[in-house]
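Note sheet for the following structure.
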Amino acid sequence: MKSFEVNFDGLVGPTHNYGGLSFGNVASQSNSQQASNPKEAALQGLEKMKALMDMGFVQGVLAPQERPDVAALRSVGFGGSDAQVIERAAKEAMPLLVASCSASSMWVANAATVSPSADTADGRVHFTAANLNCKFHRSIEHPTTSRVLGAMFADQDHFAHHAALPAVAQFGDEGAANHTRFCRDYGEAGVEFFVYGRSAFDSRYPAPQKYPARQTLEASQAVARLHGLSDEGVVFAQQNPAVIDQGVFHNDVIAVGNGELLFHHQDAFLNTEQTLAELHGKMAARGANFQSISVPRDQVAVEDAVRSYLFNSQLLTRANGSMLLIVPEECRANPRVWQYLQGLIASAGPIAEVKVFDLKQSMQNGGGPACLRLRVALNEKELSAVNPGVIMTPALYETLTQWVSKHYRDALRENDLADPQLLIECRTALDELTHILNLGSVYPFQIN
Ligand code: SUG
């Protein structure tokens, strides 16, 4: 049976803004308070989806969330009508209003961890929504994420959904941003690679000193258990705490993998040799030939990786078996990174081509091409069980670009978030979107 890796990209929501909400994420902190352009952000994202579809990849779309999240504001004590809740939060606790307005669900690499059916004990595709509990603005995503994923992957014969892990820092889980699956073919059993930043219960593991380690070993282990993965099919590795302190807040800022290949920075992991040897051994036992490309720090420093998002790229297998790397414009703007990439393509290795995309609106919040997509490996039967409304087609692309042009503002600053009209605009747009994508009722304003 044929199998595919489908990229489901997060559609940028109407409240995309620069709130400076993510301590430890250099771009988020340094662009705080700038004016954003939600319309441009959404169109940039759609452009990437269309380009992948045009290249022959199966491309999906994941809906944004209702923001401002009035229910989140009510849960911390703001009352009255929806407009009054927003007005009071703006007056008394602007940082909470900003957090409740974040369009951060666009970075769907953090929406969930997904294990394909070939890896799981019950032969279904498993999803665990990420609790994202390191940051308030992200911790409020998972209930809607679960409903949206449930509406996209509804067939229980093929898809199993797990609620987010317990909402405590000890089970901090950031989803697929710290998870990579290696395999020979998407439909064959592979090796799932979980990268954590610290251990919550075992003090022998080192931890970063300056910035938070968002993912714990215990959360990664819990997800592997929930998904019914076998010991032969998993590798756990610790991220180098020193790079977290340099702004590598997720492993996908310093490494990306696909098929049999891991593309990573020399300093990405704590015990690199041991990690690579384990991956090699477990892949060999699956009949696969694991390969890795280590980018040396004297060619690309960690700081260059963080600024350019070289590793927050999409590594895709083309029909002829060679690989394509989708990188953001910021890679072309960095001479060391760009030179490295030219050498990489010329080396006749597995990565044959680099394509550059303008994702500046998202990049300024620390979200590159890889952050914007959730990968779901599916066989033909499973693909036909996915809600067809969320699979990108030329017609859907046209509809969504028109929908964005109709509903989105082209500038948003902090004081605009206090405008109760923004909530009405957002709900109107999302109500229409649930019809376009055939999702049913998934938003709090639709179900309460
Ligand atoms: O969680 N930025 C996101 C970026 C997530 C990137 N995802 C991956 N690497 N997979 C975050 O830090 C910033 C929002 C703001 O500052 O307005 C933010 O949430």
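Cβ coordinates come from backbone N, Cα and C, glycine included.
Owing to the predicted nature of the structure, the values given are computational and were not obtained by experimental measurement.
DSSP assigns F23 (substrate binding site) to coil, not to a helix or a strand. Feature annotation from TrEMBL assigns substrate binding site to 19-28, N110, 137-138, R214, D252, N365.
Counting Cβ atoms from all protein chains shown, E174 (active site) has 30 others lying within 10 Å of its own Cβ. The feature active site is assigned by TrEMBL to E174 (among others).
Here the Cβ of H250 (active site) has 27 other Cβ atoms within 10 Å, regardless of which shown protein chain they belong to. Positions annotated as active site by TrEMBL: H250 (among others).
Among the features that TrEMBL reports, active site, nucleophile is placed at C371. Under a cutoff of 8 A between CB atoms, and with a sequence separation of 6+ in the same chain, the neighbours of C371 (active site, nucleophile) are W107, V108, A109, N110, A177, H250, D252, N312, S362.
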Listed recorded positions with Cβ under 6 Å from ligand 1, out of F23, N25, A27, E174:
N25
Do you know offhand how many angstrom separate R138 (substrate binding site) and E174 (active site) by C-alpha?
10
Roughly how many angstrom lie between the C-alpha atoms of F23 (substrate binding site) and E174 (active site)?
15
Number of Cβ atoms other than its own within 10 Å, given for A27 (substrate binding site):
21
